[in-house]
Amino acid sequence: MRTIKEKKEHPRLRKTARTKKVTHRKLSSGPVCLLCFQEPGDPEKLGEFLQKDNLCVHYFCLILSSKLPQKGQPNRGLHGFMPEDIKKEAARASRKVCFVCKRKGAAIRCQKDQCVQNFHLPCGQERGCLSQFFGEYKSYCGKHRPTQNIHQRSFGESCVLCCEDLSRASVENIRSPCCSQAIYHRKCIQKYAHTSAKHFFKCPQCNNREEFPQEMLRMGIHIPDRDAAWELEPGAFSELYQRYQHCDAPICLYEQGRDSFEDEGRWRLILCATCGSHGTHRDCSSLRPNSKKWECNECLPASTEDSVSENLGDTPCCSSTFCPHEPFLRATSLEENPGSSWTNWLQPSLLEKPESSSGSSCQSWRSKGIKVTKDCKKSK
């Protein structure tokens, strides 16, 4: 009898051990998210890892949780999510099983009607689920997610951003709405959106700022509402506040060297008035004691050409051929042209019938400064 009981107990032990293996989570040495039980991970996929009062959670897990309200102001709690509400949501999610990993704690549910799929955010991303970061922040399983019409022949092409081959899985590729031939990797577009942010995010090919961001939001791309990443780097524009401090004259006469100067006087450093990236001491370029304007050799030819073109206006280069001593006047309307042209001097009757012209025409010709021929005198 003892052997029969032992045989009956062994399967039970094996069964309980198997169930413990499924429900038991891998222990982590560091903090984990309360809503997905994952470590900080990639901020482009899971968002910023927030910690406050022994409460750790991913930013994307907060805003995508199905039943978590945002009751506070943005400066309270974790971006407006109160700690007590987060704990209540974690307690509710502890009764929901993820359809991917078969573990409890799934706080995100598919928003399609009559769909009961629940999942953790990292698990859903691996299985093709999609989350939208606008409006009601809806999430969908792989069966009900928004899709695009990407032709099968496009899979042999390359991504416009990374120039590598496109993935065979259509959920990992995104087609541009404004440039229909352009297809990107989802991870490339997400990295581009995370770097450029809302104010600089546009189509990489045609610079579309309206249709392109809207389609990317629909397809689950997170576009942060902040300045671009290159503007948030500490000291990114520090060189713009540095003044040029070097004498670039062919021969520097200052005893202390080219990198030294005085605030006033002969050895004051004068910067180029056009570019500001070259300088000289007053005495090194033979400037007047009170002069404050100087131009380097690189900017001087350009400024000289600009001044010449402004003085000449619309004067053509061949004006000296017509009149070497007087400025050339274009044949425009009478209001613009103060002088009379040759066609205005000749009357229509004289041009058509010269023999019928009277002596008054010769008088008018003399008044215009034109010599009268002998034929005209005879007719007079």
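Cβ atoms here come from the backbone N, Cα and C positions, even for glycine.
Swiss-Prot lists 1-23 (among others) with the feature region 'Disordered'.
Annotation source Swiss-Prot lists compositional bias 'Basic residues' at 10-23.
Annotation source Swiss-Prot lists zinc finger at 30-68 (among others), citing sequence analysis. Summarised as a single figure, the pLDDT of the zinc finger (30-68) averages 91.
Other Cβ atoms within 10 Å of the Cβ of Cys33 (Zn(2+) 1 binding site) number 27 in total over all chains. Residues or ranges marked as Zn(2+) 1 binding site by Swiss-Prot: Cys33, Cys36, His58, Cys61.
Sorting each residue of the zinc finger (96-145) by its DSSP state yields 6 helix, 10 strand, 34 coil. Taken from Swiss-Prot, the feature zinc finger applies to 96-145 (among others), supported by sequence analysis.
The Zn(2+) 2 binding site annotation in Swiss-Prot covers Cys98, Cys101, His120, Cys123.
Within the same chain, residues at least 6 positions away in sequence whose Cβ sits under 8 Å from that of Cys141 (Zn(2+) 3 binding site) are Phe99, Cys110, Lys112, Cys115, Gln117, Phe119, Gly124, Arg127, Cys129. The Zn(2+) 3 binding site annotation in Swiss-Prot covers Cys110, Cys115, Cys141, His144, and the record cites similarity to another entry as its basis.
Positions annotated as region 'Required for interaction with ubiquitinated UBE2D2' by Swiss-Prot: 150-306.
Taken from Swiss-Prot, the feature Zn(2+) 4 binding site covers Cys159, Cys162, His185, Cys188, and the record attributes it to similarity to another entry. A coil conformation is recorded for Cys159 (Zn(2+) 4 binding site) in the three-state DSSP classification, outside any helix or strand.
Marked as zinc finger by Swiss-Prot: 159-207 (among others).
Feature annotation from Swiss-Prot assigns Zn(2+) 5 binding site to Cys178, Cys179, Cys203, Cys206. Cys178 (Zn(2+) 5 binding site) falls within neither a helix nor a strand when secondary structure is assigned with DSSP, and so counts as coil.
What Swiss-Prot records for 243-300 is region 'Required for association with and ubiquitination of H3'.
Taking a C-beta cut-off of under 8 angstroms and a sequence separation of 6 or more, Cys247 (Zn(2+) 6 binding site) has the following same-chain neighbours: Tyr254, Arg258, Asp259, Phe261, Leu269, Gly279, Thr280, His281, Cys284. According to DSSP, Cys247 (Zn(2+) 6 binding site) is assigned to coil rather than to any helix or strand. Look at Swiss-Prot and you will find Cys247, Cys252, His281, Cys284 tagged as Zn(2+) 6 binding site.
Under the heading Zn(2+) 7 binding site, Swiss-Prot lists Cys272, Cys275, Cys296, Cys299. Secondary structure from DSSP puts Cys272 (Zn(2+) 7 binding site) in a beta strand.
Per Swiss-Prot, the feature region 'Disordered' maps to 352-380 (among others).
The compositional bias 'Low complexity' annotation in Swiss-Prot covers 352-367.
Most Cβ neighbours within 10 Å, among the binding-site residues Cys101, Cys110, Cys188, Cys275, Cys296: Cys110 holds that distinction in the structure as shown. Here nothing among the binding-site residues Cys101, His185, Cys188, Cys272 falls inside 10 Å of the CA of Cys203 (Zn(2+) 5 binding site). Cys101 (Zn(2+) 2 binding site) sits 19 Å from His58 (Zn(2+) 1 binding site), taking the Cα positions as reference. Taking Cβ pairs closer than 8 Å, the zinc finger (30-68) reaches residues 77-79, 81, 83, 85-87, 89-90, 92-93, 103, 105, 107-109, 111, 120-123, 125, 131, 133, 137, 139, 187, 190-191, 194, 222 in its own chain, all 6 or more past its ends.
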